[in-house]
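S.K.: Straight from TrEMBL, here's the annotation block:
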- 24-50: region 'Disordered' (REGION)
- 39-50: compositional bias 'Basic and acidic residues' (COMPBIAS)
- 114-136: transmembrane segment (TRANSMEM)
- 246-265: transmembrane segment (TRANSMEM)
- 350-373: transmembrane segment (TRANSMEM)
- 462-482: transmembrane segment (TRANSMEM)
- 517-537: transmembrane segment (TRANSMEM)
- 591-613: transmembrane segment (TRANSMEM)
- 654-675: transmembrane segment (TRANSMEM)
């Protein structure tokens, strides 16, 4: 295929000799930059050697392997800002991307920019169709309320169509397109030598050359000889040692199995015929000796209250997002994701924040619908003993041990599952559970067993403390007292947000449902911050790093989490201060943009305190003084400005607080991990 995407003529039924030769060589790895885009402004032609001859190409977008990092942007040389173009490998300088999209494209079988372009055009066409559908179903054929309350029909369609057929079609794409293309890419075959995706779909003989069982077609399926498909539907467990990601054949098997489960589940609920389950019957059948009528009336609430429904969905989606955050590193689904530490850290942080906000949203809508200090004390004890020079009296792995025995038992159970409870699996579901397995790609650790000890016991109790306080504010107090409390029995009449219950009742401020969302946001911020700080340090200390030819693993921070994170001073000294050196000293390097973000986000965070510390009287007088000054100068506007209300001031304050805090952490994380990872 030439640079425009035009294919060279050859026998459609045969893979190229060069491609087959590379497959035969095994999985050798080299850095390859494949996708052409815009010309670099500072270098009109960029010479790159390609397989023994010089080729001039205009390359920005990289599908990378071991020594190339993803980059799709080059900063133009204006006022010296081109310093942000860091060395991302392959002789290319640009801004390193940490979104994870490159890994997704690689896993999907995208090998050139034309395919990305076609995907984008297709997405635009479907977006236009959806916009039209939205207009049509609002202005021309708006569905009735009863249509949204027909939950059985909705479940059947969503389970079968959205999840069942969606998973099945994705499994089909992975089998017929992703798998063969990724096998060639793993063997360092030049993407120009790989057949186009539609050739694999339309020509079974091409696939049969890679996976002989394809020659049998669907016969093994209908004759129940399913083991014939074991070549590409596997249950290996562990990671592919070439890419550091889950085995693509395992992922395909997963999607196919999920599709079958959801296709069956989509036929379970009663619609036009008398067979199947009824959600109302299931809910009202929940009766017990202590629960009385159980869920009687719940069906009517959930089908008539948007806020109740939205609250439950947000809580589930938020929890699921946090679960995804933990699976993205422990079971990395895409090639080279595990060794791209910047992307790993970004994805974990991103999903944790999203999950936190969704759960706060769940509490907010639940409130509208309803109209552990002991662990911190352990840290204080450790700091005190450390300051007094009494390390033998501290809680640590080398003194008074507090081992997480239940977590270690769970780890051990999963680690021993292959050969016992999961006899068909070669490796446990995640290498993090334990054992002797380690996967390193190109000298970088992709994943290894994560040890747990006293330090983990302590920090997980801090997680429990912050999460429980968040739940206390948002759900127990915010939701259950949303309509009424002993202080304000008629709270339901005051609405979702009110500053105080009348001028004579100053002691009733900050008790509205909105105020609980407001206060809960700060505790959510505390909770997620501790989690992502913990993740960042733990992974640098005990997982991420390099491996020598002798098999010796050197972690980024040398395993200091176990001894340093057991004191508050250790968190400040060895995590925040020690690891902030990269972002603080980033000026004059390609990481200087993160230094600017770090500084700017601190200012945004500090700006929030002005709103959070000030009462409404301050803002009223401030606005009045500004209006007076404008009138004196005879430049008064036609409109009369008004001061922020108490509620508005809190909204502005919490928004800047969260935005500033999250952006500060983001800049701190990425400057550190890109510099050392």
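In case you wondered, yes, glycine gets a Cβ from its N, Cα and C as well.
Unlike curated entries, TrEMBL annotations are predicted automatically.
Because the structure is a prediction, the values reported are computed rather than measured.
Where in this structure would I find these features, and how exposed are they?
M.R.: Long-range neighbours of the transmembrane segment (246-265) within the same chain, counting only residues 6 or more positions beyond its ends whose Cβ lies under 8 Å from a Cβ of the stretch, are 107, 159-160, 163-168, 170-171, 174-175, 178-179, 182, 231-240, 331-333.
For the transmembrane segment (517-537), the list of distant contacts is 329, 345, 348-349, 352-353, 355-357, 359-360, 363-364, 367, 459, 462-463, 466-467, 469-470, 473-474, 478, 510, 557, 561, 565, 571, 575, 579, 650-651, 654, 657-658, 661, 665, 669, 672-673: same-chain residues at least six beyond its ends, Cβ to Cβ under 8 Å.
Panel annotation: around the transmembrane segment (591-613), residues 83-84, 86, 95, 582-584, 644, 649-650, 652-657, 659-664, 666-668, 670-671, 674-675 of the same chain, lying at least six beyond its termini, place a Cβ under 8 Å from a Cβ of the stretch.
Long-range neighbours of the transmembrane segment (654-675) within the same chain, counting only residues 6 or more positions beyond its ends whose Cβ lies under 8 Å from a Cβ of the stretch, are 86, 96, 98, 341-342, 345-346, 349, 353, 518, 521-522, 525, 529, 532, 536, 540, 579-580, 582-583, 586, 591, 594-595, 597-598, 600-609, 611-612.
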